[in-house]
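S.K.: My questions will all concern the structure given below.
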């Protein structure tokens with residue numbers, strides 16, 4: 001049995017596993033560290049045309065995904081994954097962060113409802129206590145790409161996915177990590193000199209105390225310049 005299971009509701013089932021079938025996530029999928037199933041919302045569509053949307057009450061642009069269609073597809077998903085937490089990628093949602101990812105993993109059974117068109121009927125959110133989640137202040141065509149993004153982040157946190165689990169402690173946004181929730185320092189590798197640009201000499205010194213101090217200073221400087229709001233709790 002896998003550690004994490006995701007049920008994905010979408011009108012484009014062919015988009016999954018997508019990028020999650022490759023690299024670390026793909027290897028973890030093959031090892032059954034995580035698993036998924038996809039439900040095609042259109043299978044629950046109405047009439048011979050499998051309609052899943054309709055015009056908005058009160059007017060406005062765009063079509064709304066119908067609650068009766070979504071309700072039937074969600075009921076099916078819950079039958080497969082009864083104890084799951086349900087998320088709906090939406091620009092109105094709580095912003096997804098590294099700490100939010102860890103919070104999500106307290107429940108290893110997740111359902112992702114991928115919206116399309118103008119959005120979904122609000123009654124669906126109320127009926128199923130759906131949690132809205134945002135990947136940033138911009139608009140995409142649907143919830144599939146945010147779902148792939150969120151799952152990629154979650155999968156990396158699962159035991160056995162990374163060759164060295166300690167890698168997580170030296171990454172950006174890790175509150176208990178090397179950079180205390182700030183951005184990662186600048187990185188360098190061979191060659192020592194490239195196009196007249198040299199690797200900082202401290203990194204070649206072999207003095208681990210000085211190297212660690214340099215990394216922390218770099219992290220603080222970069223965070224202050226690019227994401228100063230991350231420093232408020234540091």
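In case you wondered, yes, glycine gets a Cβ from its N, Cα and C as well.
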S.K.: Looking at the S-adenosyl-L-methionine binding annotation from Swiss-Prot, with 135, 136, 137, 138, 139, 140 already listed, which candidate in 115, 160 is the matching residue?
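M.R.: Record source Swiss-Prot; matching candidate: 115.
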S.K.: Using a Cβ cut-off under 8 Å and a sequence separation of 6 or more, which residues in the same chain sit near residue 139 (S-adenosyl-L-methionine binding site)?
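M.R.: Same-chain residues close to residue 139 (S-adenosyl-L-methionine binding site) (Cβ under 8 Å, separated by 6 or more) are 91.
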S.K.: Run through the Cβ atoms and count how many others sit within 10 Å of the one on residue 135 (S-adenosyl-L-methionine binding site).
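M.R.: For residue 135 (S-adenosyl-L-methionine binding site), the 10 Å Cβ neighbour count is 20.
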S.K.: Is residue 115 (S-adenosyl-L-methionine binding site) helix, strand or coil when read with DSSP?
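M.R.: Where residue 115 (S-adenosyl-L-methionine binding site) sits, the three-state DSSP reduction gives coil.
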